[in-house]
Every structure is written in structure tokens, then in C-alpha cells.
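Participant: Can you keep this structure in mind? I'll have questions shortly.
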Amino acid sequence: MKIVMVLVLIQVCWRCAEAHPLDPLTPSELNLVRTIITNSYPTSSSSNLTFQHVALDEPDKPQILSWLSSKSRAPSLPPRRAFVIARFQKQSLEMTVDLSTRSIISTRVYKGHGFPTLTFVEQGLVSQLPFSYEPFKDSLNKRALNMSQVVCAAFTVGWFGEEKTKRTVKVKCYYTNGTANLYARPLEGVAMVADLDDMRILSFSDRFGIPVPKGEGTEYRLSNLKPPFGPKLNGVNVTQPHRPGFTIDGHSVSWGNWKFHLGFDFQVGAIISLASIYDIEKQRYREVLYRGFISEVFVPYQDPTEEWYYTTYFDCGEYGFGQSASSLEPLTDCPPNAHFLDAFYADANGNPVKITNAFCIFEKHAGDIMWRHTEIAIPNQVITEVRADVSLVVRMVSTVGNYDYVIDWEFKPSGSIKFGVGLTGILGMKGGTYINTDQIKGEIDIHGTLLSDNTIDSESQRSQDP
């Protein structure tokens, strides 16, 4: 009963809090942005408008600091503005929208290299193109595959110095017969390039002869797994009899000697702002971090073959860590003492989309030691002092394709912030002609590791820029 009451109190505080200039755009504000822009850019059969990225246009740092230092009990907020990247008539537009005046105050046509983040809507549409494309259907027939058990996905094509005029993606397909682990059964040798603006396939090739890997032994759903299983572990109970030690006021979080603002962005996901720690000696807060987020995760693969050479993904910029945020599962993604927060973004049509349980916040004590010392040099005394390493964690998980990124911001009483990106999920596998390693002779480079019959784990690396 005590736990229920605590959660209710936190929820009430979350909903009735005063506005903050760094708060992410609300659903009503996202709707207003859509209305303002669609009124200025009406769509038709020949001119389609899509919202690729809608975010808060943050006030300048001096404005934020001035607002924070105001002596007024209710200082006036800086103007609320939105930054929008949209596609209209095959052009990328960058717009600033003033929500108070309900007007577009700046528009720029982007002329540089690269294209906006892929939206889920266009990824879904382009992944359906192969099923009405006759050469692809012929490839399925040659392999005796059931089309109803084939799924396809869009992948960015990289950039290798060439001048691009079309917004294109690669389309790769997989066979799900016998397993939900679609990445273990690629249709290797089939390569397609599709135009996102025109929604049509531009090129197709099929290097027939590479078998589709078997599905046996690739299942990962616990309910479908068969013995032998791993060791059974006893559960660990997490309790806080004196209620959680943190408070949430809108998007502002306070814990111990820390306070900070938690924001959300379509592209980068979690944004930590204005992180400050209280200096007891000087009786004031000391600024530690003005603004922090994971700006990019670069994922290059080391495979020069036709189906893989282009795989040089930017998982934040091209796919959107915020858009790809997963709804966290209580008790498994986060411990029992966690509190969950939702997030919102605008889809390709400008409509608000709610991500339930996008964040969890919890106090962590894993039995680690922050500081200790045992002193035995003083005669007739043994002095032992220990400080437990307790921290506050803000967690978000983004799922991009076969990989799941666990993003943790960890605040420690010592004044440090620990930022971590954990990588889990499913291996990026490709099909091959080899059954065992004895067949791989001499100078043959399969650009990966042979996992099982006709299945290779493709080599890749990751680097993130927080």
C-alpha cells in the first residue's frame, strides 16, 4: 500500500508541475506545429509533405541562464519554438515555427550532402515494395520460399563521395519460417535499391546460389525455447521502506545533492540538461553539465561484398534514437523500485506518437563500494569506514534493427556522472556457402565468423559520441 501511494504522489507531481523552457514539445504543441506547416504547404497527388524531424528549438544558453537566475517567483518563459525538418516536393526543408504567433519564422532549403532521418512510416512503405515486384517474386520461387513468411526492411546506403540526387535505401529481406529470429535467415544474394520519394524499386540483383540458413536453434523467445536451459537463479528483492529518494517536478529531477532536467528528442533520445550538484561548503549549486546527449553511434561493417559494402550506419542520425525508443518492461528492463515516464514524438504525418515507459528512473545499489578504509596502525584500535556506492540511474533503450542500445545516465553522490551505452540484441548475420570451418581454405576471407551451417556473423564495430 505504501508503494502505491508513493507512485501516485510522483504521478501527481509529474502532471501538475510548472513549465520549463527545455521541456520537450507536448502532444498539443506537436499538433499545433503540424497545423501551422500543413496550412503553408498543402499536399496533393504531386506534392507530398512528410515530417522527418520535429523538436524543440531550444532557447540560447544565455536565455536559459537568465531564466534560471530570475528572482521572480514565476519568471516568464522564452518563446516556445519548434525546429522542423520536412520533405516537400523532393526537397529537404528546415523550418523554425513560433508557437506563440502560430507562424513559420524561417525556412531554408537544405542543399548539402545527406538526407533526413528515416521515419517509421516510410520504412514500412518501402519494405512492402518487393512483394509486388516481379523479379523479386521470381527469386522467391527459385528458392521455393513462401512469400507470406518473408519480411523486408530498409537500410541506409552510406555515402562514398558521390553526388546524390535521389533519396534511396537498400532493401534486404529475410525468411521467418520456423523462427522469429529473422536476422538468422537472410535472403543472401538478393539486393535492391529503392527510391523513398517515388516509392519504387530502382535496381535489383540476385546472386542465386547462396542457401537460406536453417531456422533450427535460432529461436530466442523464452516461451519457445527447449531444454537444456541455463542455471536457475533465485530472485533478488529490491525494497525502499522509506520511499524513493528522488522527486520529479515536470521534467526536472532532484536526488540527494543533484538536480537536472530530463528532455526527449526524436533523433537523439534522452537529453540531460542543467545538471548541478549542491556544494555544502559554499552553500550553492555548482554546474556540472549544461547539456548532454548521445549525438551519434557509427556502425561500419567490414564486408566489401555487394550486399554489405554500404553498411556504414549512423544509428542516431539515420534512424533516430528517440523514434526507436522501446517501451521499457517493468521488473526486467528496470528494477522494482523504478519510476517510469512516457515520451512523445511526431510521426511522418506530424501526428503525436506516445512511447509508453520511454524512461525509467531508479536508485541503484549493486553492493559496490564508493569509498572505504581500514586503519590498524593506531595502537589498540581498528577503524573501518565504508561508504556504499548508491547512484541514480536514468535509463532508455533504443532498438535499431537487430541491435538494442541500453543508454544509462548515472548520477553519483561524489559529483560524477557516468554515461554508458550497453549493446545487446541479435547478431547481424549473412548467408554463406560454407558448412564448417575446414572448407575455408588459405586466403579466403569470409569477413566474419562462421556460426553454423551457411550462417556468418558479419564483422562490425561501434563508436558513440556522447
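Every residue, even glycine, has its Cβ placed from backbone N, Cα and C.
If you look up TrEMBL, you'll see 1-19 marked as signal peptide. The domain 'Copper amine oxidase N2-terminal' annotation in TrEMBL covers 20-109. Sequence annotations record features per position, and here TrEMBL assigns domain 'Copper amine oxidase N3-terminal' to 116-212. Sequence annotations record features per position, and here TrEMBL assigns domain 'Copper amine oxidase catalytic' to 237-435. Look at TrEMBL and you will find Asp315 tagged as active site, proton acceptor. The active site, schiff-base intermediate with substrate annotation in TrEMBL covers Tyr403. Per TrEMBL, the feature 2',4',5'-topaquinone maps to Tyr403.
In the displayed structure, how are the listed features positioned relative to their neighbours?
Facilitator: Across the domain 'Copper amine oxidase N3-terminal' (116-212), DSSP helix (H, G, I), strand (E, B) and coil residues number 26 helix, 29 strand, 42 coil.
Averaged across the domain 'Copper amine oxidase catalytic' (237-435), the predicted model reaches a pLDDT of 94.
The DSSP secondary structure for Asp315 (active site, proton acceptor) is coil. Taking Cβ-Cβ distances under 8 Å and a sequence separation of 6 or more, the neighbours of Asp315 (active site, proton acceptor) in its chain are Glu296, Val297, Phe298, Val299, Phe321, Ser324, Ser398, Val400, Tyr403, Tyr405.
Other C-beta atoms found within 10 angstroms of the C-beta of Tyr403 (active site, schiff-base intermediate with substrate) number 21, with every protein chain shown included.
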Participant: For Tyr403 (active site, schiff-base intermediate with substrate), what is the secondary structure by DSSP, using just helix, strand and coil?
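Facilitator: DSSP call for Tyr403 (active site, schiff-base intermediate with substrate): strand.
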Participant: Helix, strand, coil residue numbers for the domain 'Copper amine oxidase N2-terminal' (20-109) per DSSP?
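Facilitator: Per DSSP, the residues of the domain 'Copper amine oxidase N2-terminal' (20-109) fall into 23 helix, 31 strand, 36 coil.
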